[in-house]
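What follows is a set of notes on a single structure, which appears directly below.
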Amino acid sequence: MKTAIFTVVLALAVFAVLSFGWEANEKALSEEFTELIHEKGAASETEARECRYFWGECHDHMPCCDWLVCRYKWPITYNICVWNRTFPEK
């Protein structure tokens, strides 16, 4: 009986140590991922948007992208950019 209790307590201690190690590794990966996202985000922020994207609000002074067209869609009370059934050329 004492051996069984000792084995269970020892197993719980091993699991606690292993889970602490996994948690530390997961936190390091999370920080690395966050840094990578911030680097990529800073690079994309430098690009200026010259047109409105899909479902963006549009007017004469805010044009849609080339493959979109500005349309009034009910029940939305303003014009939005919708697909004009063409594909952008790259």
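Glycine too: its Cβ is placed from the backbone N, Cα and C atoms.
As written in Swiss-Prot, here are the features:
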| type | residues | note |
| --- | --- | --- |
| DISULFID | CYS51-CYS65 | disulfide bond |
| DISULFID | CYS58-CYS70 | disulfide bond |
| DISULFID | CYS64-CYS81 | disulfide bond |
| SIGNAL | 1-19 | signal peptide |
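According to its DSSP assignment, CYS81 (disulfide bond) is in a strand. In sequence order, ARG52, TYR53, PHE54, TRP55, GLY56, GLU57, CYS58, CYS64, CYS65, LEU68, VAL69, CYS70, ARG71 are the residues of the chain that are 6 or more apart from CYS81 (disulfide bond) and have a CB within less than 8 Å of its CB. Neighbour density around each Cβ, counted as other Cβ atoms within 10 Å, peaks among the disulfide-bonded residues CYS58, CYS70 at CYS58. Under the DSSP three-state reduction, CYS51 (disulfide bond) is assigned to coil, being neither helix nor strand. For the disulfide-bonded residues listed here (CYS51, CYS64), the lowest count of other CB atoms within 10 A around the CB belongs to CYS51.
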